[in-house]
């Protein structure tokens, strides 16, 4: 067996790249204002905002407004001649979501277009009025007790100077005079109706959107016998980008937390979108935990002569160079045992990734032996690829290399382990590599991105993270 102290210097070598850890959050989902706009527009549609506009109580609002004025009786005398007044058509234009100057708030604007008709007994013509008004509200981050932060929508009202009420068609002189009086009575009503009728719908749609964003982050990711769960920590608005800061927890098969990923420090290093609608940034240590959970298998035990007879023959020849007697002991039931000594380490560069593993390799002459002929400690590395297949984020090791080999213990005397470099690489390539790739191929679902409505995605690497964005067309 391998002794922990023997690997101390190996761990030091692999851990050197961890010096100067980043202050980036474990996972960040970054959304552009375009995504926020589309999601909010869909939620308003779900709440049937058009029907709300069509049901606007214009006549009631005019009556309430007139009762407050000094000419109330005169106004009422005009209004009582209106047989009916209702919205005949209504629509909400394209939403606008833009950052405010402070870079920490977003302004939402919703242009409303309403056609209202009314009729009076003296005229058979239906008079149609065109009402244009714009609703606006502010999206910002609200921090409550226990530092709990959330996105909220507030200060909903009409945009100053956006109200326009006009005749839709030309009218006779007398009818136009009446229509002008109705317009003057109607003008104060739309801003108040925006606040009383539309703002509640806008807030309800926003709450639905916020809830959907939170639900996106709560879907657990299965990693063979383990699973990864993301935890919403806080939102951050940075000019035209909304960042959802996420922590992560790794659970074992018994549901116990085995690893916790948190935000380190108060100053966050947040990603930029670079003209993409969204960006999912997964910190390096989280990616390492995912890979480790996928490939974790304990110890591999292989009857080498039975499974890989040619490799068994090459092993016998390689050992014969060191000790002919030991080579002669290798029988048809010779066993190779392979196990990973530590969690793999991920080394990222722009566009490239490499995984380093510490591996213990034991060679037993027969299946009856309790002690190995020798034990090797191997510093192995593999180039790793990330790609998307059938909605899954898939990892794959291209090859495996025995970069350094150390003799841990030996029953055949001390020898230079470099003599076994070729056969060691052969064994790892033939046994460990397909085993690990088979487990990595199960992949992890990228449902968070799929549920946002993005069907094609692209993967890239930085020195600190794996990045998921929309694929370029």
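Positions of Cβ are set from backbone N, Cα and C atoms, glycine also.
Noted in Swiss-Prot for the protein shown:
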SIGNAL    1-21  signal peptide
DISULFID  156-199  disulfide bond
CARBOHYD  215  N-linked glycosylation site
CARBOHYD  422  N-linked glycosylation site
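Feature annotations (Swiss-Prot) mapped to structure.
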residue: 156; record: disulfide bond; Cβ contacts under 8 Å, 6 or more apart: 135, 136, 137, 194, 195, 198, 199, 202, 203
residue: 215; record: N-linked glycosylation site; Cβ contacts under 8 Å, 6 or more apart: none
residue: 422; record: N-linked glycosylation site; Cβ contacts under 8 Å, 6 or more apart: 318
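Mapped onto three states, the DSSP output places residue 156 (disulfide bond) in strand.
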